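Feature annotations, courtesy of Swiss-Prot:
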- Asp46: active site, proton acceptor (ACT_SITE)
- Thr140: active site, proton acceptor (ACT_SITE)
- Glu71: Mg(2+) 3 binding site (BINDING)
- Glu71, Asp135, Ile137: Mg(2+) 1 binding site (BINDING)
- Asp135: Mg(2+) 2 binding site (BINDING)
- Thr140, Ser256, Lys259, Arg273: adenosine 3',5'-bisphosphate binding site (BINDING)
- Ser256, Lys259, Arg273: AMP binding site (BINDING)
Amino acid sequence: MSYDEMLSAAKKAVSLAARLSNEVRKSLLVTDVWNKSDDSPVTVADYGSQAVVSLVLERELQNEPVSLVAEEDSGELRKIAAETVLARITELVKDTLASDESYAIASPLTSDDVLNAIDRGKSEGGPKGRHWILDPIGGTRGFIRGEQYAIGLALLVEGKVVLGVMACPKLPLASTAGNALKSLPEKVGCLFYGSVGNGTYVQSLSVDSLPAKVEVSSIDDPAKASFFESYHTPVPIHNTIATKLGIKESPIKINSQTKYAALSRGDGEVYLRFTRKARPESIWNHAAGSIIVSEAGGKVTDAAGNPLDFSKGKYLDYKRGIVVTTQKLLPRLLTAVRESIKEEEEEEEKAASLKLH
């Protein structure tokens, strides 16, 4: 099966998952949201989205084995032991698939079918073979609040990401450079996709529209750049890096991989992903976004300037932080990153020395 056929299947899967998430978002119930054992929030949309993508890939790629690396599994769902929740997810999945003409007469789905579809996401990935990488609802907190979230699906072949699709149901269709991500409600909802050597495109999620090719910003003066970061406890090194570059604007806060999508079409120039302490980064949080940016002419590296390595299993092999920007800005940005890390390490050494004395 060609990559074009796989891309078509991925677009269909992600579009239907976005349709399900929109239905949940229209009337989010208290019982639709709970906390997992790691205290992170999860919703019926997370599980429904994963089940839809899993089932669509299975149906569309009938002659291809589907290895899926995804965020959720049914273990957490079984822990809450709520038949009503599982029944709601099952109905959401059934209704979503039935809304597509090609699936309207498919065999009825049971709750066990949905649980099995969710658990198809237990693959470990790795450097050999083909693996789909799914973020079923990226930015669950944003989804719950009615803010930005994304559904990202990528294909890994022999350790390399070769295509990616991302639905951003709350992102304005028109480019929002300098517009603080504001738009008319009827113009909201984007589907981004890209594949190796073919560029990145965007089209409407809600209506039939011709795809438009997108490219990263042409700004080459770091002081004029704007940057994205997640909603979380402020990370001091972000401010240090921005200061070294001469960036004066406050960061644009966006949940999820939507930052990759916005950067790919020039809504901003820099996305930094550093944490206070080094921690594992799940591949599903970056796989689709990385190829969407790179095919739009951008660069995605770790803090040392190395390309992100998605071949090591469920977690990225990377150095210290993630840097997403344009080719024009990357050299100066990496210099600022190296200087900032060095200063941070020196400060930590001083603090440790003072404690000893």
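Here, residue 1 is simply the first one shown, and the rest follow in order.
Just so it is clear, glycine is given a Cβ too, placed from its N, Cα and C backbone atoms.
Overall, the recorded adenosine 3',5'-bisphosphate-binding residues Thr140, Ser256, Lys259, Arg273 cover a maximum inter-Cα distance of 18 Å. Within 10 Å (C-alpha to C-alpha) of Asp135 (Mg(2+) 1 binding site) lie the following recorded positions from Asp46, Glu71, Lys259, Arg273: Asp46, Glu71.
Looking at Asp46 (active site, proton acceptor) and Thr140 (active site, proton acceptor), their Cα atoms lie 8 Å from each other. If you measure from the Cα atom of Ser256 (adenosine 3',5'-bisphosphate binding site) to that of the residue listed as 'Mg(2+) 3 binding site', you get 13 Å. Take Ser256, Lys259, Arg273, the residues named in the record as contacts for AMP: the widest Cα to Cα gap among them comes to 11 Å.
Of the listed recorded positions, namely Thr140, Ser256, the sparsest CB environment within 10 A is found at Thr140. Within the same chain, the residues at least 6 positions away from Arg273 (adenosine 3',5'-bisphosphate binding site) whose Cβ sits under 8 Å from its Cβ are Glu229, Ser230, Glu281, Gly321, Ile322, Val323, Val324, listed in sequence order. The recorded positions under consideration are Asp46, Glu71, Asp135. Their Cβ neighbour counts within 10 Å are lowest for Glu71. Arg273 (adenosine 3',5'-bisphosphate binding site) carries a strand DSSP state (E or B). Apart from the site residues Glu71, Asp135, Ile137, the chain places the Cβ of Asp46, Ser49, Gln50, Ala70, Glu72, Leu134, Pro136, Gly138, Thr140, Ile151, Gly152, Trp284, Asn285 no farther than 8 Å from the centroid of the site's Cβ atoms, the recorded Mg(2+) 1 location. Taking CA atoms as the reference points, Ile137 (Mg(2+) 1 binding site) and the residue listed as 'Mg(2+) 3 binding site' are 9 Å apart. Cβ environment of Lys259 (adenosine 3',5'-bisphosphate binding site): Phe228, Glu229, Ser230, Gly268, Tyr271, Gly289, Val324 lie under 8 Å away, each six or more residues apart in the same chain. Rounded to a whole value, the Cα-Cα separation of Glu71 (Mg(2+) 3 binding site) and Thr140 (active site, proton acceptor) is 12 Å.
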